[in-house]
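Trainee: Mind having a look at this structure? Questions to follow.
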Amino acid sequence: MIAAVSWVPKGVSKSVPDVADPPSKDEVEEILKSNLEKSVESENEEQDEGMDAEAAKKGEVVSQALAAADALGKASKSTTSSSNFQDITDGLQELNMEDYDDEDDGIDIFGAGIGGTYYPSNDMDPYLQGQADYDSEELEDVIIKAEDAVLICARNEDEVWIYEDPAGGDSNMYVHHDIIIPAFPLCLAWLDCPIKGGEKGNFIAVGSMEPSIEIWDLDIMDEVQPSVVLGGIVEKKKKKKKGGKKKSIKYKEDSHTDAVLGLAWNKEYRNILASASADKLVKIWDVATGKCDITMAHHTDKASVQAVAWNHHVPQVLLSGSFDHTVVLKDGRIPSHTGFKWSVSADVESVAWDPHTEHSFVVSLENGTVSGFDIRAAKSDQSSDSKPSFTLHAHDKAVCTISYNPLAPNVHLLATGSTDKMVKLWDLSNNQPSCVASNNPKAGAVFSISFSEDSPFLLAIGGSKGRLEVSNILCFMVWDTLSDAGVSRRYGNLRNQNRS
């Protein structure tokens, strides 16, 4: 399953990404401690939920072990139950568990003998000398060329894909490297804020089922920890209360307290990231300091906030959409202002500003419809009853994702993706939508689509089947939309416009 996709602008990535240094011993211990705490917590929860079942299971395992011992001649039918337990005692004595903590400190706990000794860096490890050098074939796979398109796919782990689109030749796509993340990812946002110094960076922000937002450096391979973590959990405890144990969770200051469902990077104020969460809140973060600057609670009815989007032309203006059947416009310069609100007919799935004008946006809904609005028609009070500029029944099921073609200024092309497994392209000229193309990418339910800004007619697609293929006909994850006859007739003359 591919939950989200995001393009990285061409020429931004390092031609040969760095390889992460191994974590320090303190970092390793911290990771192990964190994993151990999670493991213990999980085991405790399982024990609380089914102590009797677990005991029965253990009893069955012991019985099977004793039966196996009998079969192997380790015990005889004449032995008593006490003698069987004596055999177990003898085995434990052989392991010398009493002296376990007194073993030689000179050997690292993560290995056996000198071969497992810990080294602070690869350069100091004699077993790794010379192994950092790539042979010519490996180097070719590692190098990211300036003309390569880089695509991030969020699955149970983030994957960095390279899409080669040679002129006049067949396309090629392959996994460049993986980023292992601790929770299932739900949304992505690329950003170039120089978190580590310099003029620009190359980072991906990841929202997941956890309340934290992780920001990873895409120019480092084999990294084990994010560069920045926004919010998150400090600790979990169980408190005994009447009626049983209850969890007590302590969050970092200003953190979300539930899954992060939507992210939006501000291209003008490059250190600013907006987030939407199942905790009903919208937050604005400064990724350079790792702090939350603004928290907004303008959505109601205990409903998740699903999506956020910054205006392309007025970068202080933020749009958010919620399961409370509303879309709200807020100005980050005056967050205390109630903003403007539009009511819609179903749960909001996605929102997007028209890249060609500051006045228009579209919203996709759970009932399969897509509506367009002009903010100039909004009333001065918070609740706006202004009618949409258009409404179209785009799909038979929820429209999970939408993406505007970025080619300016004469293309008003919108892509929609749905759980009905279809991707459609719409010409929105004059607020009179017409379907230009419709395709089943064989990706299952479609959760995420995105046009490339460098190659505006390339559309990345992510769905429930998680198929990562490239084709101009049927099965694709990157669709060259100009290969469709209807799209080519309307926009074929723009093929090379705005391409890097």
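Using N, Cα and C of the backbone, Cβ positions are placed for all residues, glycine too.
Note: TrEMBL annotation is automatic and uncurated.
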Trainee: Which one of these stretches, 1-58, 349-406, shows up in TrEMBL as region 'Disordered'?
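Mentor: Going through 1-58, 349-406 one by one, TrEMBL flags 1-58 as region 'Disordered'.
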Trainee: DSSP-wise, what's the residue breakdown of the repeat 'WD' (253-295) into helix, strand and coil?
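Mentor: Final tally across the stretch: 0 helix, 22 strand, 21 coil.
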Trainee: I'm checking region-level scores; what's the whole-number mean pLDDT for the repeat 'WD' (392-436)?
Mentor: 93
